[in-house]
Amino acid sequence: MGASEIKSPGSVLETPGGGCSSSSMHHRKELSVFFLESDNRRLALGRGYTGGTTPVNIHGKPITNLSKTGGWIAALFIFGNEMAERMAYFGLSVNMVAFMFYVMHRPFESSSNAVNNFLGISQASSVLGGFLADAYLGRYWTIAIFTTMYLIGLIGITVGASLKIFVPEQNNCGQLSLLLGSCEAAKSWQMVYLYTVLYITGFGAAGIRPCVSSFGADQFDEKSKDYKTHLDRFFNFFYLSVTLGAIIAFTLVVYVQMELGWGMAFGTLAIAMAISNALFFAGTPLYRHRLPGGSPLTRVAQVLAAAFRKRNAAFTSSEFIGLYEVPGVKSAISGSRKIPHSDDFIWLDKAALQLKEDGMDPSPWKLCTITQVEEVKILIRLIPIPACTIMLSLVLTEYLTLSVQQAYTLNTHIQDLKLPVTCMPVFPGLSIFLILSLYYSLFVPITRRITGNPHGASQLQRVGIGLAVSIISVAWAGLFENYRRHYAIQHGFEFNFLSQMPDLTAYWLLIQYCLIGIAEVFCIVGLLEFLYEEAPDAMKSIGSAYAALAGGLGCFAATILNNIVKAATRDSDGNSWLSQNINTGRFDCLYWLLTLLSFLNFCVFLWSAHRYKYRALESEEDKSRAFI
């Protein structure tokens, strides 16, 4: 097959490979006109050219009548699946620490770290689920496989909590014995069983998390004039389903545990997951699918390898033909449109540098298309934004344990009604539910007048608002904990940290809870929508996995920070800021440290958001959207 060449203009000055010259800006603008159009390109997985992001049915055939598939009806089945998954996830996160402490007789610190690690692994390993979905399985089959694994893990946890053989002896193990550590310890095989089924559940969640939001967004026609509005509302309603799952976990599941025991509590989660699986599969005929585009990691590796091979080649040498791309409007990557050339990370352009020595049928490991190079550039550009949300995840993780310990020392009565301490995390969920319910009727009209944005605020602005509110939340937490600690010491509760102080209500904690709920709404919803829109077409699940990975790293960072604080603040008596006796510890100092770290993180976010360049889009209307 032949090839048409567009030669390098003679006006472009030579730029040494890997360096920058005074003409670099002019050079970067000119690179976009250098193309070699060849029909000999070996395509990913032998799939041939693709029609961009054309929806297909479950059999991989193009959908001719979109009106009978997708849309809000299909999204409802996905919302149901996500609500049950989040119910199980939060149900485990709030109950497993107590289960390990009270039933398995593990130290509180050990139980807390074990659950933090579970939360971290289940989120950080979401990259695996995103990879499998984008590369081979597609989002539907990835969800189908991992949601089944999730259910198996929950059944295993239920069995372990229901049968006495899987737990240590509970007789003669009162509260004092638990504090002294004199209860019968769990046998090693019992802990191995618990960790096995727990991490099966975690990996199940990891496979689902990066795919569900992207799969739901796939149900809307991007050629529709209302696509942006539908997408914006979808991600808000999606997070609303997450919140409803959390509220049920923090109320109904806690109530079942108190009234019917641990086995029934975990069994409730398993039943909810089974119902959600049935709903998800029932919606199969309605779903729109995207073809997987082949291994994204392979494509990234090919770009890096090709760029390294040609690191010393110059863009204006006599051997230079142009930057490589396939002809026409279609991409060589299944499930992806062509991506226009951008002028940053110019060193990666070496991977698409067409030299005469490459021949007519070059290896993908020596020569990549511009679209493939731009995929890697986009993935690199995205990293700083979700990285700045790690701090929010760290704060949320700390709240799950620290604020519950605070609540144990406070009065949780509402007149004659006494709320269980483990119900306290429901209040961030209620605040999220309220904010999402009022978002379009209250927030959007007000901010639209200020920003001029039809959606009230851009995605990055929403992330920034969330991070700013989280600073206020953790600063208030430090103020109140300082007051609570001094109150406990002054009223004789210094060494009686498991007794509630009747005259100090736990509902002062609602301020920090509600503020962190507002922060979560703006930050996480904005981040999910941002990553879905900005990620390459064939890497949407990987893009969504960035958010989950940031959440997982936040959980690990919380464990690391706690260990550092304990080591750095431990005195000669073995006490530290995080002593098990909260009244002799200094949780307030930890909250102040988190406030400082959150502020520094917010400054980094502002700098990263200001420098961020949105990916090039096809319409001039999209290209002109405002930066943060």
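Here the Cβ of each residue, glycine as well, is placed from N, Cα and C on the backbone.
Unlike curated entries, TrEMBL annotations are predicted automatically.
The annotation region 'Disordered' is assigned in TrEMBL to 1-24.
Under the heading transmembrane segment, TrEMBL lists 87-105 (among others).
Sequence annotations record features per position, and here TrEMBL assigns transmembrane segment to 117-137 (among others).
For 149-167 (among others), the entry in TrEMBL reads transmembrane segment.
Sequence annotations record features per position, and here TrEMBL assigns transmembrane segment to 192-212 (among others).
TrEMBL lists 233-256 (among others) with the feature transmembrane segment.
Per TrEMBL, the feature transmembrane segment maps to 262-282 (among others).
The transmembrane segment annotation in TrEMBL covers 378-399 (among others).
Marked as transmembrane segment by TrEMBL: 419-442 (among others).
Taken from TrEMBL, the feature transmembrane segment covers 463-480 (among others). For the transmembrane segment (463-480), same-chain residues at least 6 beyond its ends with a Cβ under 8 Å from one of its own Cβ atoms are 385, 388-389, 391-392, 395, 399, 403, 457, 508-509, 511-512, 515-516, 518-524, 526-527, 530, 588-589, 591-592, 594-595, 598-599, 601-602, 605-606, 609, 628.
Counting residues 6+ beyond its ends, the transmembrane segment (506-532) has Cβ neighbours under 8 Å at 213-214, 217, 231-232, 235-236, 238-239, 382, 385-386, 389, 392, 395-396, 399, 403, 406-407, 410-412, 419, 421, 424-425, 427-432, 435-436, 439, 457, 459-463, 465-470, 472-474, 476-477, 480, 484, 540, 543-544, 546-547 in the same chain. Annotation source TrEMBL lists transmembrane segment at 506-532 (among others).
Residues or ranges marked as transmembrane segment in TrEMBL: 544-565 (among others).
The transmembrane segment annotation in TrEMBL covers 590-609 (among others). Long-range contacts of the transmembrane segment (590-609) within the same chain: residues 384-385, 388, 390-392, 394-395, 398, 402, 460, 463-464, 467-468, 470-471, 474-475, 477-478, 481, 565, 577-578, 627-628, each at least 6 residues beyond the stretch ends and with a Cβ under 8 Å from a Cβ of the stretch.
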Intrachain neighbours beyond the transmembrane segment (117-137), with Cβ under 8 angstroms and 6 or more residues off its ends: 89, 92-93, 96, 145-146, 198-199, 201-203, 205-211, 214, 292-298, 397, 538-545, 548-549, 551-556, 559
Stretch with greatest number of CB pairs under 8 Å, the transmembrane segment (192-212) reference, 149-167, 233-256, 378-399, 544-565 candidates: 149-167
Candidates 87-105, 149-167, 262-282, 378-399, 544-565; stretch with most C-beta pairs under 8 Å toward the transmembrane segment (233-256): 87-105
Intrachain neighbours beyond the transmembrane segment (87-105), with Cβ under 8 angstroms and 6 or more residues off its ends: 111-112, 114-115, 118-119, 122, 150, 154, 157, 161, 167-168, 170, 173, 178, 181, 183-186, 190-191, 194, 198, 201, 205, 245-246, 248-250, 253-254, 257, 262, 265-266, 268-270, 272-273, 400-401, 422, 425
Spatial neighbours of the transmembrane segment (378-399) far in sequence, C-beta under 8 Å, 6+ residues away: 116, 119, 300, 339, 344-345, 425, 428, 460, 463, 466-467, 470, 473-474, 477, 512-513, 516, 519-520, 523-524, 527, 530-531, 534-536, 539, 542-543, 546-547, 549-555, 557-558, 561, 590, 594, 597-598, 601-602, 604-605, 608-609, 612-613, 615
